[in-house]
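What follows is one structure encoded as structure tokens, with my remarks underneath.
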């Protein structure tokens, strides 16, 4: 049945009265209620709202992926204009017909790339599969196009990456592979569910530009699901604000930012961390928690003077971590990824040291090496005066009670067969810290501290949104009262209101228990708020380290200045000028086996502030 007359000529998508529910304990739980919106050709519609507000399930309903998960979807109208200009009713399509629609006419970039990529196929095979299926290309043609797409999303050594598996890539790299896969068939509608959450600010700027370029070329409609209001200001034409499964406000990006009508929209905008808000301040400060009823009311910020003088709790010297790459008929190691090269730093009790840098710069590998989750080839790691890089596995388990890790991908770090209560209680049982009833009470307390309900303990990971899963991982890391927490992008998946609550919780625990944080992040506004000191990493080496105020207010290294310049501004009229060109090459940290890389020499430029001298300013700016 043709539907061309039902869809306005300029629209590529129209949704009327979308209702989504899930069955739980024989009860119907509404996730989305009476949602209606349209999308014009070449337009970007940003859907914003809290974690659990219904943003992602709306996208999954459009892709017809909810039926398999037991979702109940009802909709008066769900019309899509295909690339062929035919208009179809999505709810009327069979499973076989939808396979031809997904990827070709409507593509989706998922929030968690590790769980969206097939672990048993190489990156090249997965991108080429979509191209072969929808463009009738040969295997050779598809692989050539796959390499071109990896080049477009700024992945260095694209030819090498084609033959790698997802687990061999960083989180940001995996996200870029997902973006390349979604864009490879030039769909009529692109649904991007938090596509830049795992990306650093410079790559984020390039990906946003890439989506804009392809959108203009193909007159592609884009639905951009995000909690980053800076990204919304930069990319959106219209904004749809969701709260508890309903649309509470919609309008142009200028209307939403300059004249928000709904209290929740005003609260959402007021909670956005602004780069430069800590100017003139030496210590971390809590985020003001803004209520829905009183969006303009802010509690006075409290300075966090928590650093304990004396010996550092963690001392790292000349840490080296490399990964072998095999090639040739004999599958010999011919090259190595120099992930971490001679990295040194100290961490004091009660201090937050933030590691920042681009995806693939070695931030996460540094954190994993400290817990021996990856083996290092050189250097010393000393915790509480004891060298831990040479400990036996038995002694290492006891150490992990004092050093906990919050992983970047929450779904991959939670056991899908265990309830989240069992996942949180597991470390308490392993280390024999609390008896049964006390452990259960501890789980309930932890869930409440991270903004969840105690009864959530009986649910499974797939029943939560991405942001809620990240809060569960934070609760599990806090269960043992560790001395050091390594937080790898711990708040990147959270919306601004929950992010503020979690960071305030981390600061409170730091004040109460003297916990030291190694905070790995690409969100410069959050780093500015939470950090005592900041270390900037580039190609596996620290190129600038110092007090947070010195690094942010007086950045000395050109790469640090580049990172700060790339931060999106949550103001549509103050859009950042595009400084990073998609045609530029990213340097590679892959070298021949045995080849040594010159270690950077840090020079003191102020109290505790050390900077490497770049060989070429142009190499870091890449304008």
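Even glycines carry a Cβ here, placed using N, Cα and C.
What you are looking at is a predicted structure, and each value in this text was computed from that prediction instead of being measured.
Among the features that Swiss-Prot reports, domain 'ABC transporter 1' is placed at 15-269, with the record citing sequence analysis. Swiss-Prot lists 49-56, 357-364 with the feature ATP binding site, giving sequence analysis as the kind of evidence. The annotation domain 'ABC transporter 2' is assigned in Swiss-Prot to 314-564 on the grounds of sequence analysis.
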CB neighbours within 10 A of residue 53 (ATP binding site), counting all protein chains shown, number 26
Same-chain residues at least 6 positions away from residue 363 (ATP binding site) with a Cβ under 8 Å from its Cβ, in sequence order, are 355, 356, 357, 488, 520, 537
Comparing local Cβ density (other Cβ atoms within 10 Å) for the binding-site residues 51, 359, 361 points to 361
Cβ neighbour count (10 Å, all chains) around residue 49 (ATP binding site) is 26
Mean pLDDT across the domain 'ABC transporter 1' (15-269) comes out at 88
Three-class DSSP assignment, residue 49 (ATP binding site), comes back as strand
For residue 363 (ATP binding site), the three-state DSSP class is helix
Neighbouring CB atoms within 10 angstroms of the CB of residue 55 (ATP binding site), all protein chains considered, total 27
